[in-house]
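Just below is one structure, and these are the notes that go with it.
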There are 2 protein chains.
Amino acid sequence: MHNIKVDINFAVKSSLKSGLDSIEIDEYKDKANIGYQKLLKLVDKGDIGFPKLVDQALDNITAYAKKKLGKFNDLVVVGIGGSSLGLEAIVNALLPHGYNSLTFSERGGFPRIWIADNVDPYKIQWIMKNCQPSDTLVCVISKSGGTVETVSNFNILYKWLSEEVEKPKDHIIVITDPEKGLLRKWSEENEIDTFFVPKNVGGRFSVFSPVGLVPASLLGLEIDKMIEGAKDFIATNLQQALVLSAIYIFYIEKGYKINVLMPYTSRLSKFADWYCQLWAESLGKRYDKDGKEIFFGTTPLKSVGAIDQHSLLQLFKEGPDDKVFTFIEVLNHDADKKIVSVMDEEVDYLKGKSLGELLNYELYATELALKNANRPSVKIVTDIIDEYRLGYLMMLFMYVVPIVGLYFNINPFDQPGVEEGKNYAYGLLGLRGFEDYIKKFEQGYLKLDEYII
Amino acid sequence: MHNIKVDINFAVKSSLKSGLDSIEIDEYKDKANIGYQKLLKLVDKGDIGFPKLVDQALDNITAYAKKKLGKFNDLVVVGIGGSSLGLEAIVNALLPHGYNSLTFSERGGFPRIWIADNVDPYKIQWIMKNCQPSDTLVCVISKSGGTVETVSNFNILYKWLSEEVEKPKDHIIVITDPEKGLLRKWSEENEIDTFFVPKNVGGRFSVFSPVGLVPASLLGLEIDKMIEGAKDFIATNLQQALVLSAIYIFYIEKGYKINVLMPYTSRLSKFADWYCQLWAESLGKRYDKDGKEIFFGTTPLKSVGAIDQHSLLQLFKEGPDDKVFTFIEVLNHDADKKIVSVMDEEVDYLKGKSLGELLNYELYATELALKNANRPSVKIVTDIIDEYRLGYLMMLFMYVVPIVGLYFNINPFDQPGVEEGKNYAYGLLGLRGFEDYIKKFEQGYLKLDEYII
């Protein structure tokens with residue numbers, strides 16, 4: 001059973017001047033419900049598939065992971081955006097800090113993990129230098145099967161594998177669309193182990209598909225628990241998504257421009273990055289569903305407590321009142337450590353305090369300081385961090401974001417704005433069919449020397 | 001000699017509807033110059049010291065690093081905010097990806113690096129599990145000497161050291177204020193090796209003080225080159241800071257809310273975090289210097305290309321026109337790799353292309369796509385990434401941010417907004433003298449069950 005709560009005290013009128021009064025709470029829950037009903041319809045029609053992932057059988061994934069256990073020292077995941085951010089969130093939350101520096105046996109025979117996301121030569125080079133081809137499993141992930149960064153990095157890594165190992169195909173897994181795309185065609189022709197992303201599950205909603213689950217399982221994480229958490233959220237706590245959506249809709253309507261997610265734990269740092277993609281790509285839209293030009297969307301901002309009290313908090317408290325804050329509190333921090341002796345009596349007050357206690361005190365202090373400055377905040381409180389809770393939290397936000405988008409009559413499941421840049425890049429790379437874009441590029445990309453200083 | 005340029009083509013009228021025309025360029029350079037003159041005065045008076053750091057002698061630091069070389073397998077830096085972000089930027093840019101996974105000899109005898117910033121028990125536990133006390137050097141950094149997170153983490157680490165090694169003091173360096181504070185008192189009493197942060201150098205401007213240089217030198221980086229880059233910027237290219245400041249001032253006055261820094265390389269990811277602190281803490285201010293309440297400040301946003309083309313770009317292009325973009329381009333990527341064979345003829349167009357080329361094409365494509373959407377951007381172009389360039393770029397931004405702040409008549413060197421939260425935390429922790437804050441906390445921090453869902 002979960003123990004996750006959503007606390008909206010500091011976003012309601014009784015605490016905060018700009019907060020929702022009790023009539024508004026109902027009114028905005030109704031608005032959230034409009035979004036939710038639209039989402040339900042899309043799910044029922046089969047257009048949107050991420051909520052159904054909680055019912056999938058996991059045996060083929062766990063059996064595959066079991067078969068590979070102990071055979072590889074390194075797992076290199078080649079993927080970008082929706083194909084890597086979910087996994088990074090999982091790894092950051094659930095594996096030890098400095099995991100890749102542990103020995104094979106300290107890791108329980110599970111591989112180290114490397115994420116080849118960017119086409120950054122330096123990063124790719126050092127991943128290859130850190131790994132031995134003979135001891136490496138390469139997991140290449142692209143929903144479309146043709147993501148240019150992923151295909152490029154994979155080509156480099158494939159060559160690296162082929163030059164050193166006899167059967168490179170035993171060192172590769174593909175995760176892609178069941179039918180379409182280059183990767184599928186190639187994996188079929190070459191009889192490569194392949195897992196599929198359901199057609200109705202988009203990249204940023206794919207963490208509970210093989211995209212997130214296969215690598216997580218290879219790393220020894222309990223993916224069944226993750227799915228159980230996600231499932232329990234849907235079964236018993238949708239109300240939390242409605243309340244959270246209601247608050248976000250309210251402040252978007254009030255003109256707040258920035259949505260800050262600030263977990264008070266370093267373990268959810270990458271979770272916040274995952275959330276930023278989910279929010280930005282789902283809600284930043286030029287047109288609504290009726291084709292009206294609206295340039296919609298607020299900007300997600302990642303922040304990690306207590307670190308960013310020494311970085312962003314000054315702006316949060318004293319800058320413009322244009323941000324809504326969502327804190328995440330962990331009640332019981334794993335491996336919490338008490339300060340039992342202190343170096344100087346000046347800090348005697350720390351004696352007997354634990355690091356986790358201190359971290360949570362700092363959160364309460366920040367909550368109150370922001371409240372006093374009339375800045376709205378909500379807080380998600382979880383008892384601990386584990387597979388179950390992470391699954392729960394991810395599904396919670398995968399409901400919240402589309403609910404907000406659908407209420408505002410935009411399509412939270414597409415990303416038309418990224419096409420133009422892709423087309424220019426294809427043109428510059430010389431892909432056939434994109435010659436027009438070279439011309440357009442040459443006409444538009446004019447740089448005058450006088451403006452280069 | 002450097003080869004760093006600032007390209008403002010896509011922020012001027014000839015390219016962009018909302019850009020500056022030639023009269024405005026002059027007008028806003030004059031405004032930037034007002035900020036610059038104020039900065040000069042503060043520097044001349046000795047109130048502000050960061051520009052003078054380029055004239056410091058480095059021998060004592062490099063000699064110290066030389067003395068320690070080969071003696072430790074691990075370096076744990078205990079510090080947060082201004083005491084860690086600069087170092088993280090340096091490590092991310094200049095050390096290999098996966099550096100901590102390399103062997104002692106692959107690292108040339110230099111230690112692995114761990115940053116104990118957050119009071120996150122899980123993180124601290126795993127740092128301790130990864131390291132052996134006998135083989136570890138702990139570098140504790142706090143300008144004030146009393147930062148609660150740093151002191152707490154250090155107390156835990158000090159106990160860990162003391163229980164295992166005979167002379168813990170041989171495993172500790174302190175970097176702090178020359179006179180004041182707990183750390184200075186303690187390091188003096190216990191005869192611990194100590195380096196000083198000049199009084200007139202604040203945390204977020206301290207990367208060229210021992211705060212950044214001592215750990216960098218211990219890691220084998222050429223700190224003299226870093227300083228040389230910073231010095232050359234001041235000596236020969238202040239004009240770039242004025243132009244960049246002019247653009248930022250213009251768009252702040254136009255009401256743009258968000259300042260995006262988007263390097264197209266994973267190596268400058270942490271540089272962007274460092275920049276976000278610099279921008280947010282320097283410019284987010286409730287009062288101007290005359291005490292007028294203004295709630296000033298725009299929000300910095302970190303983004304990394306090409307990764308965030310699959311995350312934030314959709315919002316950048318199709319969301320509200322409220323962002324100014326600063327790209328960083330690296331002309332020559334280290335260890336660039338050509339794609340010489342491809343897995344399928346469908347991707348033949350990639351043959352002969354290098355990863356670095358691809359990355360830069362994607363940048364040009366994004367620049368143009370944003371320009372076409374009438375979104376203002378500037379670009380900093382550097383030939384390569386090394387100590388010299390990193391030093392140069394850091395000093396460039398350390399000039400730009402105060403110039404912007406001083407032009408707008410705010411104090412970019414304080415951070416009064418973080419005090420209230422600190423005081424509540426001290427109260428909650430039971431520090432003597434903060435009893436009033438417990439009362440205030442209890443009165444303000446009221447949570448009603450009905451708002452916890």
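Cβ coordinates are placed from backbone N, Cα and C, and glycine is handled just like the others.
TrEMBL labels come from automatic prediction, so no person has curated them.
Over in TrEMBL, the protein carries these features:
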type: ACT_SITE; residues: A:Glu281; note: active site, proton donor
type: ACT_SITE; residues: A:His310; note: active site
type: TRANSMEM; residues: A:390-410; note: transmembrane segment
type: ACT_SITE; residues: A:Lys422; note: active site
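Distance noted between the C-alpha atoms of A:Lys422 (active site) and the residue listed as 'active site, proton donor' is 15 Å. Put simply, the residue listed as 'active site, proton donor' is 29 Å from A:His310 (active site) when counted between their Cα atoms. For the residue listed as 'active site, proton donor', the same-chain residues that are 6 or more apart in sequence and have a Cβ closer than 8 Å to its Cβ are A:Arg204, A:Gln415. Here the active-site residues are A:His310, A:Lys422; the one with the fewest Cβ atoms within 10 Å of its Cβ is A:Lys422.
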